[in-house]
Amino acid sequence: MFARIAHRYDLMNRLMTGGLDLRWRQQAIRACALPPDARALDVGAGTGDLAAEALRQRPGALVVGCDFTLPMMLRGRMKPGRERIQWVGGDALRLPFLDEGFDAVFSGFVMRNVADLDLAFREQARVVRPGGRVVCLEAIRPPRRWWAPFYRFYFHRVVPWIGAIVAGDRAAYTYLPQSVEAFFTLEELAHAMTRAGLILLEARTFMLGTVALVVGVKPSKR
Ligand SMILES: C[S@@+](CC[C@H](N)C(=O)[O-])C[C@H]1O[C@@H](n2cnc3c(N)ncnc32)[C@H](O)[C@@H]1O
């Protein structure tokens with residue numbers, strides 16, 4: 001599915017969020033607390049928006065983008081300013097990296113799609129160094145509030161329609177709201193991170209509680 005929509009993926013993100021996703025990405029990378037010469041991993045990097053933001057904030061960093069949808073990474077590689085991302089084909093459930101090699105590991109809008117959320121977080125906890133951060137930016141099941149019907153109308157009716165026109169793929173943008181509704185709340189996502197042995201540092205939401213930023217740290221060794 002991501003291979004089908006790769007050519008319009010970034011544009012759709014800007015349109016669906018009114019460009020707000022760029023701001024969430026900045027905050028997600030800030031939450032990684034990257035040292036100037038950081039080694040960082042973007043899991044499910046897609047076209048590399050988060051990896052590019054990491055390099056913008058830390059030009060001296062080495063940033064690896066890992067994904068199993070090659071057309072997404074190929075699209076990203078064609079975009080200016082992404083020459084310095086190190087692209088790697090790999091599965092988030094079996095990351096092709098040694099233990100504790102990264103100062104920070106982050107993901108954007110990926111964890112909703114993996115077949116085993118706990119395993120994915122365990123893998124991220126494995127490859128980050130003690131004291132390093134794991135940061136997850138993800139769309140979550142929104143809280144039940146008075147505005148929920150408006151949100152559902154936008155997400156279930158308007159978004160598939162924009163997807164059909166802009167990306168030529170209504171099915172992919174019907175899957176999007178469905179996967180969000182089937183996914184976790186902020187609390188559940190935060191618990192999943194702690195089950196992987198990470199200490200929770202921060203869990204907050206954007207856009208009326210529909211997007212979560214969850215930050216964990218790997219405990220230092222005694
Ligand atoms: C919604 S896109 C997010 C892309 C990018 N992280 C962003 O912030 O825009 C989800 C990405 O996760 C990738 N993905 C999903 N499951 C994966 C897995 N098990 N291993 C590697 N990549 C995966 C997909 O190929 C896709 O590129």
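Our numbering is plain: 1 for the first residue shown, then up by one each step along the chain.
Using N, Cα and C of the backbone, Cβ positions are placed for all residues, glycine too.
All annotation found in TrEMBL is predicted automatically rather than curated by experts.
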> In TrEMBL, the residues T47, D91, A92 are said to bind S-adenosyl-L-methionine. Which of D21, D67, D103, D118 is said to bind at that same site?
Replying inline: D67
>> Suppose we draw a 10 Å sphere around the Cβ of D67 (S-adenosyl-L-methionine binding site). How many other Cβ atoms does it contain, all chains included?
In response: 24
>> Which one is it: of the binding-site residues T47, D91, A92, which Cβ has the fewest other Cβ atoms within 10 Å in this structure?
In response: D91
